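Asker: Straight out of TrEMBL:
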- 12-38: transmembrane segment (TRANSMEM)
- 44-71: transmembrane segment (TRANSMEM)
- 83-106: transmembrane segment (TRANSMEM)
- 112-131: transmembrane segment (TRANSMEM)
- 189-208: transmembrane segment (TRANSMEM)
- 228-253: transmembrane segment (TRANSMEM)
- 265-285: transmembrane segment (TRANSMEM)
- 291-310: transmembrane segment (TRANSMEM)
- 322-343: transmembrane segment (TRANSMEM)
- 355-378: transmembrane segment (TRANSMEM)
Amino acid sequence: MAIPYGVMAERYGHRAVLCLSALGRFIEAVLTLGFCWWPQNFDFHIVCVLPLFTFIGGGSSVQSATFFACLSELSTNASRATVFAYFGGVDLGARLVLSILAASMIDRNAWLPIYIGLGCSAASVIWSICLPRASFGSPSGEPSRSTDGAPREDFNELHHPSNTLLGKVREGVRKTLNSLTFLSQRANWSVLTLMIPLLLTSIAWRSLQLLAQLARKRFGWSWSDASYLVPLETSVCIAVLILLLPAASFVISDRLSMPAVSRDLILARASFLLAALGAVVVGLSKSPATMIAGLCVYYLGTGYNVILRSLLASVVEGHTPILFNCVALLEAAGSLISGPVMAQSFRAGLRFGGSWVGIPFFIAAGLSTAAFLTLSAAKSLAWKDY
């Protein structure tokens, strides 16, 4: 559903998709709460049906992609990566704070965090509805323009499709194909060198899901001890996104007078190398201190995601809603692939024993290196500094 909602955001505005996404997640939360409150009145297998309500709005992936599209239109090419980094840092910070608050509330009332979460979900629906229509995109009364300077067609004002249902379906299909055709024509090799690293790294970073099991196997940690690695990850990632990445962008852009695209390419490549180095250290670690040091290096590469999104928005302007939904779809595909790959590799490592237990992290290092080499192919491209 990612691409259809991307087309919808492009044709009808971001507010419509944000409203639907917030509404779908709210409905799912209400039904989940009802199931937990009256479990005796429902069949257990109904839980498997509840996620289907995320078809209303596309769920969290479409919602996140739409937010990135909004931020892309509100920022310049020079500041886009920094804006994306701040957004990612604030998101992680909110999750960290709310998880701590939820843990403290559970001792008093286990339902209290759920009620608060449901209230926040309802507030997001109200906020999406009240969002000004002209907050994003071209100013009111001024036609939006595509990358070649031509006015972009407005669905409501310039087209008058048939009032019949079949006519509206045909018009929608035609516009979807037009948008996807634009992406295929505009994207070419430049976008391919950005999309492939996103897929590779989305698989590589899933190796962290096996971190607790690695710590238990190698160092005899308990699950409670391994749980302390979660706030470590969040803290380092927040520091990278809010402090280190913006500072590095400032130094490279202002002090070295480097164009925005060249700066982002350097930062993305550095992120891949740091992730590869950190994964190797974690995979070979013989002590908890070495593993934690390797993790910190690994987490320094967390900014690759926002940097690549910024580069993609620079290459394909004018169709960011569809673009970022395609990115969300690609990352979801990477997550599906990574599950069995990492699980089977870890199982094989347990059979071999020794350093082979860290096979998932060696695979992550190889994928990060492949992402670096793929992005390095961009050196031969005629990158335009938008």
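First residue shown is number 1, and so on along the chain.
Any Cβ shown, glycine's included, is placed from N, Cα and C.
Model, not experiment: these values are computed from the prediction.
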Asker: Does the transmembrane segment (265-285) reach the transmembrane segment (112-131), going by 3 or more CB pairs under 8 Å (6 or more apart in sequence)?
Answerer: no
Asker: Using Cβ atoms and a strict cutoff of less than 8 Å, what residues sit near the transmembrane segment (291-310) while being 6 or more residues removed from its termini?
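Answerer: Counting only partners 6 or more residues beyond its ends, the transmembrane segment (291-310) has Cβ contacts under 8 Å with 68, 72, 77, 80-81, 84-85, 87-88, 194, 197-198, 201, 208, 211, 214-215, 218-219, 229, 232-233, 236-237, 240-241, 244-245, 264, 267-268, 270-282, 285, 324, 327, 368, 371.
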Asker: Could you tell me whether the transmembrane segment (83-106) and the transmembrane segment (228-253) are in contact, taking contact to mean 3+ Cβ pairs under 8 Å with a sequence separation of 6 or more?
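Answerer: In contact, yes.
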Asker: Find the member of 12-38, 44-71, 83-106, 112-131, 355-378 that has more C-beta pairs under 8 Å to the transmembrane segment (189-208) than any other listed stretch.
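Answerer: By the under-8 Å Cβ criterion, the transmembrane segment (189-208) pairs most with 355-378.
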Asker: Among 12-38, 83-106, 355-378, which stretch has the most Cβ pairs under 8 Å to the transmembrane segment (44-71)?
Answerer: 12-38
Asker: Near the transmembrane segment (112-131), which same-chain residues lie under 8 Å Cβ to Cβ, leaving out any that are not at least 6 residues past its ends?
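Answerer: Distal contacts: 15, 18-19, 21-23, 25-26, 29-30, 33, 36, 101-102, 105-106.
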